[in-house]
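Q: Encoded as structure tokens, here's the structure I'll be asking about.
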Amino acid sequence: MPPERPEFTSCALRSFGHSYRHHLSFLAFLLLLDGGMFSPSSPPTGLLEKVFQYIDLHQDEFVQTLKEWVAVESDSVQPVLRLRRELLRMMGLAAERLRLLGARVDSVDAGLQQLPDGQSLPIPPIILAELGDDPKKPTVCFYGHLDVQPARQEDGWVTDPHTLTEVDGKLYGRGTTDNKGPVLAWINAVSTFRALDEDLPVNVKFVIEGMEEAGSPALEELVQKEKAGFFSSVDYIVISDNLWISRRTPALTYGTRGNSYFMVEVKCRDQDFHSGTFGGILNEPMADLVALLGSLVDSSGRILIPGIYDHVAPVTEEEKRTYEAINLDLEEYRKSSQVKKFLFDTKEELLMHLWRYPSLSIHGIEGAFHEPGAKTVIPGRVIGKFSIRLVPHMNMSVVEKQVKQHLDYIFSKRNSSNQMTVSMTLGLHPWTANTRDNQYLAAKRAIKTVFGTEPDMIRDGSTIPIAKIFQDTIQKSVMMLPLGAVDDGEHSQNEKMNRWNYIEGSKLFAAFFLEMAKLH
């Protein structure tokens, strides 16, 4: 089995002392051996060649900076003062790095986060930075975040999650791919033009926050507030906070699903019961809840709530061709996911059900006995948690009404004496972009230049709310330009980013700047 290119290419780069000409010739040799993987369509020339050469020669410095950023435990999920201080330090490091590039940097006070116990913690400042204000150039705004999910080595990490560790070309560490690596890749591209004393082809703006993993409190309010200020000159917005669908083929993302999160509570009383004393004489809340949750989706994944599919946008023939063109080895995808069998047998069916059809997932039951051992308890009050991923053109308020009507009907058929309440606790809209916008064309050209292949045009099955917020508020083109591979493992143990993705991604952003300047 041939080695994966990310590890092989990065090893080749280091063994040849980062010589740019040797890198190109040796890469071409590897690609011949590899039997058909993509290669640059033609060697870059002029300014682009200088930019690529600089990035290759300085890649160890770029990795070292990523190591310094990964070492900051910028966990926004756990509301602990020590971690909040780490977050503030992380945002300070980023602001200082942007200032060293010559950017005008404003660290906007985001206020306090109120906790359920009455305490409050500072929300890290949101960075608004800008480089250049030439009215003849397009202004491209990049969004990223520097907070991370919790990570401890004892949870199954092979290495210390906050010590960047390189193994076979893989850079392991919390935040490498989500989202510190992509943020730094953008900064690397800007710093390369600066180091070469070359004029930036575009005006660049940054929006960098530190609370994305905790729901981005204060961000939407800031975007609204700065609509006529910081964002007034923005032409295009780029987000790099998701992954390719492949380990090898780059991608452009043009859509995400929304999300409606529901709680269904069934209550008899606040205290639990002993099953020996009360079993057989009660409508047990857990039995009611299991019946309710079991009525939501069938074994083929189809949602059983009446009317739920009525407003789903129909699949067009043009869209079908887009799915056919995506480079996805279904068997490899299954194995890497460690799943015995998917619900669908073809690439097209799987991708459409992952990206452009709604799905319903049951997440857990609060109040149920879940610890090891055998406890003969009847829970007196239980709460089931489930969510529906929304797609165009589903209406969130209609979905909420359909869910409540369905659960009311199922519960009424049980003739239970318990109380049932249903609430929607989160509602996030889906997002889609116009792939004919200039920045999608520029990104395709840049990908072709750097990677020698056309990108997979993909959607994302998850929800990235900021894309819809930017699109609706600023009303400018929003594009997702991911750098990470499908197996990077964001949010999970042993998160990584391939050195190859990180360094070639830095080149991609630089090439994107030049292509945007041409098109504008």
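Start at 1 and count along the chain as shown; that gives each residue its number.
Using N, Cα and C of the backbone, Cβ positions are placed for all residues, glycine too.
As listed in TrEMBL for this protein:
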- D147: active site (ACT_SITE)
- E212: active site, proton acceptor (ACT_SITE)
- H145, D178, D241: Mn(2+) 2 binding site (BINDING)
- D178, E213, H491: Mn(2+) 1 binding site (BINDING)
- 263-410: domain 'Peptidase M20 dimerisation' (DOMAIN)
- H274: site 'Important for catalytic activity' (SITE)
Q: Among the recorded positions H145, H274, H491, which residue has the largest number of other Cβ atoms within 10 Å of its own Cβ?
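A: Result of the Cβ crowding comparison: H145.
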Q: Given the recorded positions E212, E213, H274, H491, which lie within 10 A of H145 (Mn(2+) 2 binding site) by CA-CA distance?
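A: So the list reads E212, E213.
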Q: What is the Cβ neighbour count of D241 (Mn(2+) 2 binding site) at a 10 Å cut-off, with all protein chains included?
A: 24
Q: Tally of helix, strand and coil residues over the domain 'Peptidase M20 dimerisation' (263-410) according to DSSP?
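A: Once the DSSP states are binned, the domain 'Peptidase M20 dimerisation' (263-410) shows 55 helix, 29 strand, 64 coil.
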Q: Which one is it, among the recorded positions E212, D241, H274, H491, that lies nearest to the residue listed as 'active site' by Cα separation?
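A: The smallest Cα gap between the residue listed as 'active site' and any of the recorded positions is with E212.
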Q: Just checking the recorded positions D178, E212, D241, H274: which sit within 10 A of H491 (Mn(2+) 1 binding site), CA to CA?
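A: For H491 (Mn(2+) 1 binding site), the recorded positions whose Cα atoms are within 10 Å come to D178.
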Q: Rounded to an integer, what is the Cα-Cα distance in Å between D241 (Mn(2+) 2 binding site) and E213 (Mn(2+) 1 binding site)?
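A: About 11 Å separates the two Cα atoms.
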Q: From the Cα of E213 (Mn(2+) 1 binding site) across to the Cα of H274 (site 'Important for catalytic activity'), what is the distance in angstrom?
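A: So the Cα of E213 (Mn(2+) 1 binding site) lies 40 Å away from that of H274 (site 'Important for catalytic activity').
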Q: Please work out the number of neighbouring Cβ atoms within 10 Å of the Cβ of D147 (active site), leaving out its own Cβ.
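A: By my count, 25.
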Q: With every protein chain in view, what's the tally of Cβ atoms within 10 Å of the Cβ of E213 (Mn(2+) 1 binding site), excluding that atom itself?
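A: The Cβ of E213 (Mn(2+) 1 binding site) has 19 Cβ neighbours within 10 Å.
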Q: Test of understanding: give the count of other CB atoms lying within 10 angstroms of the CB of E212 (active site, proton acceptor).
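A: That number is 22.
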Q: Compute the mean position of the Cβ atoms of D178, E213, H491, which form the recorded Mn(2+) 1 site, and then list in sequence order the other residues of that chain whose Cβ is within 8 Å of it.
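A: Residues close to the Mn(2+) 1 site, other than D178, E213, H491: V148, Q149, G175, N179, E212, E490.
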Q: Rounded to an integer, what is the Cα-Cα distance in Å between E213 (Mn(2+) 1 binding site) and D178 (Mn(2+) 2 binding site)?
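A: D178 (Mn(2+) 2 binding site) has its Cα 10 Å from the Cα of E213 (Mn(2+) 1 binding site).
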